[in-house]
Amino acid sequence: MESSKVGFDNDGFSKAGNDPPKNEQDKVKDVEDDEPERAAWGNQIEFLMSCIATSVGLGNVWRFPFIAYQNGGGAFLIPYIIVLFLIGKPMYYLECVLGQFSSKNSVKVWSLSPAMKGTGYAQALGTSCILSYYVLIVGLCLYYLSMSFTSTLPWAVCQPEWDNCVPSGQTENLNSTENGTSSAELYFVKTVLQRSDDIDHGIGMPIWYLVLCLLASWFIIFLIVSRGVKSSGKAAYFLALFPYVVMIILMITTVILPGAGDGILFFITPQWDKILELKVWYAAVTQVFFSLSVCTGTIIMFSSYNNFRQNIYRDAMIVTTLDTFTSLLSGITIFGILGNLAYVLDKDVGEVIGSGGTGLAFVSYPDAITKTFQPQLFSILFFLMMTVLGVGSAVALLSVVNTLLMDAFPRVPVVYMSAISCTGGFAVGLIYTTPGGQFLLELVDHYGGTFLILFCGIVEAVGVFWIYGLENLCLDIEFMSGKRSSIYWRFCWGLVTPAVMIIVFIYALVTVEALRFGGFYYYPTSAHVAGYLLLAAGIFFVLGFIVVTMLKYNTGEIITTIKKAFRSKSTWGPRGAAIHREWQAFKNDAEDARLLQNTSLLKHLWLSLWGGYKRS
């Protein structure tokens, strides 16, 4: 007997979990039995440290303050916290559950609904976009780290050719300086990046020292990833914990600077009129995605190496809470620095930084370092911390690509696959080492790192909650953890999270504003076309696999074909034949008890959201 329920309860699991007839029992086996044994974490702490190293990264120290600065400081903070609880935590916990429950990567996990398999490839594309420029940020950290060993920090002093330059080492107000620019900003734009004024006539040739820094970054990442998940798990202890020591020291040093209080007030004081602007909410959603690394495949990939009974709820809550704490910590630090810069330059806090892209982290932080009592020491510690943060996240992003390739080609040694991935990543990253590279970085971040990832988040939510079924997901969690999902998780997963993401995405499409770099440069039409093609490629993966799967399962009847294409495969479920059979029996018992209640569709949806189904 098949259930006719749809939406929150995919009929693919209405008796899809039935034990097969006894003469077919022997056919039920672990689908990986014929493949090499899959890697696993050495212990639970390695998983937790790896997730912290992934989610607590440059997204907190570099991107969060930059996005907050662009969206009015405190006006951004309230939407960010709300979005964290309505989208960030639910999506992070979901991906932890999917990976641990199935022991599959971000593509194979879609055996829960084969037609949605393209979602995994779209996420891999978005992840590759982020990784392509993320390692360049790590390279910039390495460059600043090497410059920190000089007797005088090069960004602390003005060069003769720089007009209206204010030395970053200056901590007292300079009323005589009009339209002044800090030496840290001029050093970053004119010396490090050699940034061009536009890309209308090309991006230029790669800058040799940035190429070397990029190469060094990829080599470090290769050394960690090439030995597999056990090696990255050991490295995660240092990658996760060391940065906090430096961040706390820098924050204490920053808050005592003149004018720092004004910057911090700018950060925590809401501008209520801006809170009503949907673009601020869009920025909050995209930042939560970037910061937590959700919908990139990293969380699914890492949790897939877990023990099936690990307390994944605890781990998800620890990481998401710590990620928010880190963002707030870096926000207080960087806005304290901006307050001091405003004091020195005699400007408002919202007018201090003029450069776009990566400018905020590589201008305000170096500026603060020059004001400490031991600038070289603090500079070495800080940029070592930034490098560690960046490497931790980059290792996770690359591991997503590596895991997909290793699961597809399990016979290829990890070291060879890692070498291929890193070489390809280095080749693509060369475009960001050019004088026009920062313009391309912001373009790829806008279309690939935010827009595409948000689209993937929507498709993932729809595929899991509305096609696979909210009640089915909650039953899987109950079987794995022994605990029933609360109303909070059910309402977020079933209604709030998908609805908010869809609204924000539609808003972003309808109210498209011309993308500007640093507030002064409008991208040409060709740049926007390239950006939309990147987004279209991700959408094509999703739609293309839906079409291909429906053709594969074509029965001649459209309704039957759709059901078969979106119904969970027999390979979906826990890894291992014995536990798989236990889960099937558990699902069957729950389904039988559900059918006895003879609920209507509307009542079924309500009971799924409320968690009101009785167990026999």
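Heads up, the Cβ atoms here are built off N, Cα and C, so glycines get one too.
Cβ environment of Val56 (Na(+) binding site): Ala240, Pro243, Val319, Leu322, Asp323, Thr326, Leu389, Gly392 lie under 8 Å away, each six or more residues apart in the same chain. According to TrEMBL, the Na(+) binding site annotation covers Val56, Asn60, Ser291, Leu389, Ser393.
Taken from TrEMBL, the feature compositional bias 'Basic and acidic residues' covers 21-30.
Feature annotation from TrEMBL assigns region 'Disordered' to 1-35.
For 66-87 (among others), the entry in TrEMBL reads transmembrane segment. Non-local neighbours of the transmembrane segment (66-87) in the same chain are 266-275, 277, 279-281, 283-288, 320, 324, 327, 331, 335, 338, 349-350, 353, 359-361, 457, 492, 496-497, 500-501; each lies 6+ residues outside the stretch with a CB under 8 Å from one of its CB atoms.
Summarising the annotation, TrEMBL assigns transmembrane segment to 124-145 (among others).
Residues annotated as transmembrane segment in TrEMBL: 207-225 (among others).
Here the transmembrane segment (237-260) has Cβ contacts under 8 Å with residues 45-46, 49-50, 52-53, 56, 61, 171-173, 326, 329-330, 332-333, 336-337, 339-344, 365, 368-369, 371-372, 378, 381-382, 384-385, 388-389, 391-392, 395 of the same chain, all six or more residues outside its ends. According to TrEMBL, the transmembrane segment annotation covers 237-260 (among others).
Sequence annotations record features per position, and here TrEMBL assigns transmembrane segment to 280-304 (among others).
If you look up TrEMBL, you'll see 316-338 (among others) marked as transmembrane segment.
What TrEMBL lists as transmembrane segment is 377-401 (among others).
TrEMBL lists 413-432 (among others) with the feature transmembrane segment.
Cβ atoms under 8 Å from those of the transmembrane segment (452-475) belong to residues 7-10, 12-13, 87, 91, 94, 97-98, 110, 112-113, 116, 119, 122-123, 125-126, 129-130, 285-286, 289-290, 294-296, 484-485, 489-490, 493-494, 497-498, 501-502, 504-505, 508, 534-535, 538-539, 542, 566, 568, 586-587, 590, 594, 604, 607-609, 611, 613 of the same chain, restricted to positions at least 6 beyond its ends. Feature annotation from TrEMBL assigns transmembrane segment to 452-475 (among others).
Residues annotated as transmembrane segment in TrEMBL: 487-510 (among others).
Residues annotated as transmembrane segment in TrEMBL: 530-551 (among others). Beyond its flanks by at least six residues, the transmembrane segment (530-551) meets 114-119, 121-122, 125-126, 129, 443-444, 446-448, 451-452, 455-456, 459, 515, 561-562, 565 of its own chain at Cβ-Cβ distances under 8 Å.
Here the transmembrane segment (377-401) has Cβ contacts under 8 Å with residues 50, 53-62, 105-106, 123-124, 127-128, 130-131, 134-135, 137-138, 141-142, 144-145, 148-149, 153, 217, 220-221, 224-225, 229, 232, 235-236, 238-240, 242-243, 245-247, 249-250, 253, 293, 296-298, 301-302, 361, 365-366, 369, 418, 421-422, 425 of the same chain, all six or more residues outside its ends. Within its own chain, the transmembrane segment (280-304) is flanked in space by residues 38, 47, 50-51, 54-55, 57, 59-60, 63-64, 67, 70-72, 75-76, 79-80, 82-84, 87-88, 91-92, 95-100, 102-106, 109, 120, 123-124, 126-127, 130, 274, 312, 319-320, 323, 327, 393, 396-397, 399-400, 403-404, 449-451, 453-454, 456-457, 460, 500-501, 504, 507-508, which lie at least six positions past its ends and keep a Cβ under 8 Å from the stretch. Each of Thr54, Ser55, Gly57, Leu58, Gly59, Val61, Asp323, Thr326, Gly392 belongs to the same chain as Val56, Asn60, Ser291, Leu389, Ser393, is absent from that list, and has a C-beta within 8 angstroms of the C-beta centroid marking the Na(+) site. Sequence-distant contacts of Asn60 (Na(+) binding site), defined by Cβ-Cβ distance under 8 angstroms and a gap of at least six in the same chain, are Ser291, Asp323, Thr326, Ser327, Ser330, Leu389.
Other C-beta atoms found within 10 angstroms of the C-beta of Ser393 (Na(+) binding site) number 29, with every protein chain shown included.
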